[in-house]
Amino acid sequence: PGEGPIWLDDVTCEGSEAALELCPAHTWGQHNCHHGEDAGVVCAGKDRCVPPQVRLVNGSSRCMGRVEVLHKRRWGSVCDDTWDMADAQVICRSLGCGTALAAPGHARFGRGPDPIWLDGTHCTGEELTLAQCHLHTWGEHNCGHSEDAGVVCSGELRWGQRGSGGVRCAQVE
């Protein structure tokens with residue numbers, strides 16, 4: 001069983017949805033279940049169904065902070081070398097946090113611990129997740145943690161609310 005908050009309950013997908021957030025469910029964070037009922041997924045094919053997981057840390061809300069990505073079961077930071085508003089918009093959208101207001105660099109939300117996973121990230125701003133952006137090789141970078149990228153988003157969208165790009169929800173961890 002899992003631990004921590006339970007974010008979704010009574011998710012009723014038909015099977016034709018392109019993403020979990022397009023399935024009907026209870027309001028984000030409202031549930032009447034326990035971790036003994038946690039759901040799981042078995043994917044067909046190597047690395048095909050789980051995009052890089054993203055979180056924002058050291059901010060005053062879950063919708064602002066230093067960008068961290070999960071790779072090989074370790075959280076690491078993103079270098080700010082090419083970090084811009086388009087990249088920030090993708091992060092905000094994927095986390096259900098509205099639109100990007102700022103894409104601060106220079107470790108504005110503190111220096112992250114090793115590793116630095118990504119450098120040279122290029123998003124158009126239209127992608128639904130970071131996995132759809134052009135990403136350099138994981139773990140290859142020419143920066144230090146003084147260049148950790150951050151994001152400030154407009155705020156949290158609730159399940160079923162429409163944001164730019166359609167229905168979105170917060171990250172499922």
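The backbone N, Cα and C atoms fix where each Cβ goes, and this holds for glycine too.
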Selected from CYS23, CYS153, CYS169: TrEMBL disulphide partner of CYS92: CYS153
Second cysteine of the disulfide that TrEMBL assigns to CYS143, among CYS79, CYS97, CYS169: CYS79
Top Cα neighbour of CYS123 (disulfide bond) in the set of disulfide-bonded residues CYS13, CYS23, CYS79, CYS143, CYS153: CYS79
Those disulfide-bonded residues, out of CYS92, CYS143, CYS153, that come within 10 angstroms of CYS13 (disulfide bond) at the Cα: none
Count of other CB atoms lying within 10 Å of the CB belonging to CYS143 (disulfide bond): 17
Residues in the domain 'SRCR' (54-154) grouped by DSSP into helix, strand and remaining coil: 16 helix, 31 strand, 54 coil
From disulfide-bonded residues CYS79, CYS92, CYS133, the one whose Cα lies nearest CYS23 (disulfide bond): CYS92
